[in-house]
Amino acid sequence: MPTCRIGKRARSLRSFSSPISSYRTPLLFLSVVCSGMEAARSLPVLPWLALMLALFVIVGNGFYLPGVAPADFQKNDPLQVKVNKLSSTKTQLPYSYYSLPYCKPKAIVDSAENLGEVLRGDRIENSPYGFSMREPQMCKIVCKLTPDAKVAKDFKEKIEDEYRVNMILDNLPLVVPIRRLDQDSSTVYQQGFHVGVKGQYTGSKDEKYFIHNHLSFLVKYHRDEQTDFARIVGFEVKPFSVRHDYEGEWNGDKTRLTTCDPHAKRTVANSDNPQEVDERKDIVFTYDVEFQESEVKWASRWDTYLLMTDDQIHWFSIVNSLMIVLFLSGMVAMIMLRTLYRDISKYNQLETQEEAQEETGWKLIHGDVFRPPNNSDLLCVYVGTGVQFFEMLLVTMIFAVFGFLSPSNRGGLMSVMLLLWVFMGIFAGYSSARLYKMFKGSEWKKTALWTACMFPGIMFAIFFVLNALIWGEKSSGAVPFTTMFALVLLWFGISVPLVFVGAYLGSKKPAIEHPVKTNKIPRQIPEQAWYMNPLFSIMIGGILPFGAVFIELFFILTSIWLQQFYYLFGFLFLVFIILIVTCAEITIVLCYFQLCSEDYSWWWRSYLTSGSSALYLFLYAAFYFFTKLEITKMVSGILYFGYMLIASYAFFVLTGTIGFYACFWFTRLIYSSVKID
């Protein structure tokens with residue numbers, strides 16, 4: 001990690017002042033909100049418009065904090081390139097850089113990695129590539145490799161699976177600029193360069209494997225004119241495959257190449273004479289490095305990497321989804337409010353018991369509506385787990401929207417989510433114990449233990465099986481035993497005790513009182529219409545919440561499985577809010593229809609109604625697998641569906657809990673609004 005030189009940093013502060021998009025966005029956000037609210041005092045609609053505008057300001061600017069201190073470099077200061085994992089979108093199995101016999105430094109040194117980096121499969125190590133700041137180098141020899149049959153086979157397999165080499169300079173990932181054909185002067189960036197390519201010689205039909213053995217690096221820097229210090233703002237490469245020739249005997253890095261000679265100003269500009277990967281064919285690895293001054297400030301150096309390739313589609317899709325869901329939500333809310341107001345007024349005007357008995361609908365089941373459901377302790381466990389997951393996501397989103405999860409901190413998002421999950425266990429224990437006490441349960445410790453262990457236990461079991469498969473493939477993505485032990489320690493050392501603390505606090509609180517009393521003898525539920533069948537209504541209920549998130553889900557899946565940058569947490573936060581609203585409203589609507597049909601078994605159905613959106617998420621993940629990914633290996637396919645099963649299960653717990661609490665609040669509200677004799 002770069003170190004900060006305080007004196008030099010202070011002298012160059014004026015030149016390296018941060019851009020508006022990085023530091024002034026919160027002020028702009030507050031000013032938009034304040035001005036919008038000031039103008040909205042006369043009209044009730046304008047505050048919502050002001051809030052939406054303010055949120056879109058955050059989304060549009062992609063606000064983030066740099067995350068690390070800047071490093072200042074003088075001319076000729078050494079720059080050390082680090083290597084990261086080899087990654088492939090076809091196999092999803094990362095490997096360490098030196099799993100292939102690339103050129104090695106004298107001693108390989110591992111960089112310290114956080115928990116998130118280890119879980120992502122990152123393996124950061126030093127490399128033989130060394131630069132001097134603002135000193136161009138031409139045709140620098142790294143080493144020569146004469147592959148045997150096994151080495152050639154390994155290289156060919158990695159080329160066949162389209163593996164990419166990832167490198168890092170000053171905490172910036174190496175990218176390959178690719179010019180888009182559909183837009184003028186538009187450039188997108190691909191993380192890492194391919195190990196090699198498959199191709200054919202002219203006039204031949206046999207496919208050969210060619211390795212990228214010459215790298216043309218471009219280091220972009222921003223210079224302070226007063227102090228002459230520079231900061232790195234870009235790290236790009238153009239890979240080439242070149243069959244190098246040399247004069248005389250091989251003499252290490254002092255060998256005179258004929259295909260690439262700095263003395264004769266002969267550079268590599270194409271791959272017309274490529275280097276084939278074959279047994280006993282020498283491969284000479286070389287590189288060039290150029291330095292280019294840039295106007296980009298250090299605080300904004302990630303902006304070019306975080307540009308979405310489908311920005312217009314993304315914008316219009318999200319706005320369209322927002323408008324549709326908000327319109328449906330408004331219509332549903334208006335219908336529900338008008339219908340409920342009429343029902344409550346009608347019931348409160350009844351004067352005699354005979355008139356009340358002639359009525360039908362949700363009032364007649366007031367003596368059974370709060371009757372504890374079957375498996376009430378399991379419901380308490382799932383609700384507590386959902387609260388824990390909801391709190392974790394909410395805090396993570398807030399941190400991300402306000403820029404505290406910097407893209408320069410690799411693995412930071414996963415580390416934060418894991419730690420938040422552990423510490424939010426106190427809310428899980430509290431909410432499950434409160435609900436358990438309302439159901440008149442007496443064994444709150446047992447419920448707390450299930451809350452602390454069931455969901456994480458299922459997750460850990462699936463993860464352990466998937467990790468064993470990755471171990472079998474000898475991939476660097478396999479989580480080491482020490483990290484697994486650390487995860488178990490976080491679970492049982494912090495999360496479980498916090499769940500018990502929360503459960504203890506919840507059990508000491510007075511039980512939640514229902515607005516109406518429950519009869520001793522349960523009322524018989526009449527025969528229901530076909531459209532009120534539990535399975536049918538539950539499956540219908542999951543469509544709208546899934547519809548609110550599936551567009552953003554496409555970009556998230558692309559970011560994860562196609563290894564593209566994703567940092568539009570403003571969009572994600574908006575979608576998260578819409579998800580909460582739609583889960584709550586669709587559950588309330590279907591619960592109201594159920595109560596009107598004199599069916600009072602709403603506890604589990606309210607959870608499953610919105611939770612069924614997880615089934616659609618898993619089906620969409622399967623659709624994405626067969627239409628967007630090129631995974632062919634069995635192990636890779638199992639890994640994909642295993643991880644998506646974990647994500648879908650977590651989504652089920654989250655959306656189910658939102659729907660349950662919305663329905664719980666709704667039933668208490670309506671039954672406390674009518675006169676019950």
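First residue shown is number 1, and so on along the chain.
The backbone N, Cα and C atoms fix where each Cβ goes, glycine too.
As annotated by TrEMBL, transmembrane segment applies to 45-65 (among others).
What TrEMBL records for 315-337 (among others) is transmembrane segment.
Marked as transmembrane segment by TrEMBL: 379-405 (among others).
Annotated transmembrane segment per TrEMBL: 411-436 (among others), in sequence order. The list of residues near the transmembrane segment (411-436) in space but at least 6 beyond its ends in sequence, with Cβ under 8 angstroms from a Cβ of it, reads 67, 113-120, 122, 376-377, 379-381, 383-385, 387-389, 391-392, 395-396, 399-400, 405, 444, 447-448, 451-452, 487, 490-491, 494-496, 498-507, 509, 512.
When Cβ-Cβ distances below 8 Å are used as the criterion, the transmembrane segment (448-472) is approached by residues 93, 377-378, 380-382, 384-385, 425, 428-429, 432-433, 478-479, 484, 487-488, 491, 495-496, 499-500, 502-504, 635, 638-639, 642-643, 645-646, 649-650, 653 of the same chain, each at least six residues removed from its ends. The annotation transmembrane segment is assigned in TrEMBL to 448-472 (among others).
Under 8 Å from some Cβ of the transmembrane segment (484-505) lie the Cβ atoms of residues 115, 384, 418-419, 421-423, 425-433, 444-445, 447-449, 451-453, 456, 460, 464, 467, all in the same chain and six or more residues away from its ends. Per TrEMBL, the feature transmembrane segment maps to 484-505 (among others).
If one looks beyond the transmembrane segment (535-562) by at least 6 residues along the same chain, the residues whose Cβ comes under 8 Å of a Cβ in the stretch are 89, 92, 308, 310, 314, 317-318, 321, 325, 328, 568, 571-572, 575, 578-579, 582-583, 586-587, 590, 593-594, 605, 608-617, 620-621, 624, 628-629, 640, 655, 659. For 535-562 (among others), the entry in TrEMBL reads transmembrane segment.
Annotated transmembrane segment per TrEMBL: 568-595 (among others), in sequence order.
Summarising the annotation, TrEMBL assigns transmembrane segment to 607-626 (among others).
Positions annotated as transmembrane segment by TrEMBL: 638-666 (among others).
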Distant-in-sequence neighbours of the transmembrane segment (607-626), which means Cβ under 8 A and at least six residues beyond its ends = 379, 382-383, 537-539, 541-543, 545-546, 549-550, 553-554, 557, 561, 583-584, 586-587, 590-591, 637, 640-641, 644-645, 647-649, 651-653, 655-660
